[in-house]
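What TrEMBL says about this one:
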| type | residues | note |
| --- | --- | --- |
| TRANSMEM | 105-126 | transmembrane segment |
| DOMAIN | 142-275 | domain 'SLC41A/MgtE integral membrane' |
| TRANSMEM | 179-206 | transmembrane segment |
| TRANSMEM | 218-247 | transmembrane segment |
| TRANSMEM | 259-283 | transmembrane segment |
| TRANSMEM | 289-311 | transmembrane segment |
| DOMAIN | 355-498 | domain 'SLC41A/MgtE integral membrane' |
| TRANSMEM | 412-432 | transmembrane segment |
| TRANSMEM | 438-460 | transmembrane segment |
| TRANSMEM | 481-503 | transmembrane segment |
Amino acid sequence: MVALPDLGTAEEAYRESSPTNSVICDSDVCKPDLIPNNNELTITTVCSFVNTDFNNRKEKNVENGVTKVESLFNGNSLESVKSVSSEDPESHPVKEKWHSVTLQVFIPFMLAGVGTIGAGIVLGNVENYEVFKEVKALYILVPALLGLKGNLDMCLASRLSTQANLGNMKCRAEVIKMIVGNIGLVQVQAIVAANIVSLFAVSVSALLHGKFVLEDAFLLAAASVMTATLSCFTLDFLLIGVIFLSFKLKLNPDNVATPLAASVGDVVSLVVLSTFATFLYKIHDSNTMILVAIIAGYLTLLLPFWVFIVIRNEYTKKILTTGWTPVLTALVISGSGGLVLDTAVDQFNGYEVFQPIINGIGGNLVSVQASRIATMLHQTSIRGVIPPHTKQFVAPWTALFRGVLPAKTARILIAMSIPGQMVYVFVADLIYNEGVSTLTPIFVLSYLAVGLIQIMLLLYTAHIMIHTMWRFKMDPDSGAIPYLTALGDLLGSSLLLAAFIFLRSINQEYSPIEKS
C-alpha cells in the first residue's frame, strides 16, 4: 500500500469501460490487489494527480456515490511515478526473460513458416490452373484476401491474448460469451470485406486489362466470400485452442497465437480459394444464377444472423460499429500489393513462390510486437496516457534496439527474421524445383536485405502507430494489426519486386527449373 500525496478530491482513478484497464485509487492509497496479478509494474507504479483542477474534467459519471473520471482535461495531470531505483526502461514490466520470449516466439514462428512456404508453393502451382490464366483479377484478389483473413484472425488472437494476460478468462460463462462474440464479429467482417475486396479486384483488373466480364465478377465475389468465411471460421477455433493451451501452460499467448494466425491461414486460404474458384469457373458461364444465389445467401441470411449475435454481445458490439476503418483501409493497402503481384508474375519467374514468404514473415513478426505492446499498455496504463517505460515518438534506434521497453522484443524479432528467412527461402526453392536448388549467393543476399528493410520499417511503424492509437484512446488490439499486416504485404511485394529488378539488371535473375 503506497500513500499518495496531493490526491485532492479524487476518490477513484479512471477505469475504462473495457474490463482491461484498472488502477484503483481509494481515499489516500492505491490498491495493488485490484490490479491484475500478472503485472508487476502497475503494482509498483503510483498514480498521482498533480496541479489538476478537477472542475475541468470533460466527462463524469456518478455511480453509487463514487465519481469516475472518464477523461482528464490535461493528459499530463496523470503521472506515473516509478518506485524502483533503476532508470533502465527495460527493467520494468512485464518481466519476461529474453530467452523465454525468443523460445516462445521462435517455435510457433518456425511452425508457421511451414504454412508460409506452403502458400508460396501453392501460389506457384495455381498459376497453371485455367481459372488463374483466364481470370487475371484473381492475382489482385489473392494478397487482399490473404491480408483480410490475417487481419481479422490476428485481431481476434490479439484481443483474446490481452484478455488472457489480464486474467479475464477464469469464468467459463464469460469465456464462452467472449469466444462467440469474437467469432461472430470475424464472420460479419469477413462477409462484408470479402465482397468489397472482390469488387476492388474486378474493377482494377478491368482498368488494367481493358475488359469487364460480369460472370467473372460473380465468380470472384462468390469464391472470395466462401473462402474468407470458411478459412476464418476454421482458423478461429485453432487460435482459440492455442490461446487456451498457452494460458494453461503459463506461456504468453501474445508470443504464440499471432504467428500462427497469418501463415497457417495463408496456405488454407489459398487451397480453399483455388478449389472454389476452379469449381465455380466450370459453372460460371452456364449456371451464373448459382453464383448469384451464393452471394445473396451470405448477404441476406448469414450476415444478419451473425450481426444479431454480435450486437447482443457486450465484448464485441462496440467493435461492430467502430472497427471498420482499419479493416477496410487495410483492404485498399493489400489490394495495392495485389497490383504489384499481378504485374510481377508476368515478368519474373518464381516471384510468386517467394512473395507469400516475405509477406508472411513480416506480418507474423510485426503482429507479435503489436500484440505485446497492446497488452503492455492495457496492463500498465489507462487509455490516453503513455506509461513511463515507453514513449510515443522515438528515434528508430530507440524503438528497435534499445531505449524503451518494446525495443527488447523488437531486436529479438529482427534477429530472428534473418535465419527464418534463409530457411524458408532454401526450403521453398527446393520444394518448388523438386529437390534441386537454383539459388545463388547474390539472390539470397538481395532477398535477406529487402526482408530486413521490411521488418525494420514495420516494427518502427508499429511502435509509433500503437502508441498514437493509445494516446487518442483507441484500442490497438482491434485497430493496429490490419494496418500493419496490410502495409507488410505492400512493402514485401514492392521490395521483392525491386530485388528481382536489381537481379535482372546485373544478370543474376532467379531461374527456376522449367516444368513440363
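Every residue, even glycine, has its Cβ placed from backbone N, Cα and C.
For the transmembrane segment (218-247), the residues of the chain that approach it from at least six positions outside its boundaries are 108, 131, 135, 137-138, 141, 145, 148-149, 152-153, 156-157, 160-161, 164, 169, 179, 182-183, 186-187, 190-191, 193-195, 197-199, 201-202, 253, 255-257, 260-261, 264-265, 268-269, 272-273, 276-277, 280-281, 284, 288, 291-292, 294-295, 298, 302, judged by C-beta separation under 8 angstroms. Among the stretches 105-126, 289-311, 412-432, 438-460, the one making the largest number of Cβ pairs under 8 Å with the transmembrane segment (481-503) is 438-460.
Listed by sequence, the residues of this chain that lie at least six past the ends of the transmembrane segment (105-126) yet keep a Cβ under 8 A from its Cβ atoms are 132, 142, 146, 242, 255-257, 259-260, 262-268, 270-271, 274, 350, 352-357, 360-361, 364-365, 368, 412-413, 416, 420, 423-424, 427-428, 431-432.
Counting residues of the domain 'SLC41A/MgtE integral membrane' (355-498) by DSSP class, helix then strand then coil, yields 111 helix, 0 strand, 33 coil. Across the domain 'SLC41A/MgtE integral membrane' (142-275), DSSP assigns 120 helix, 0 strand, 14 coil.
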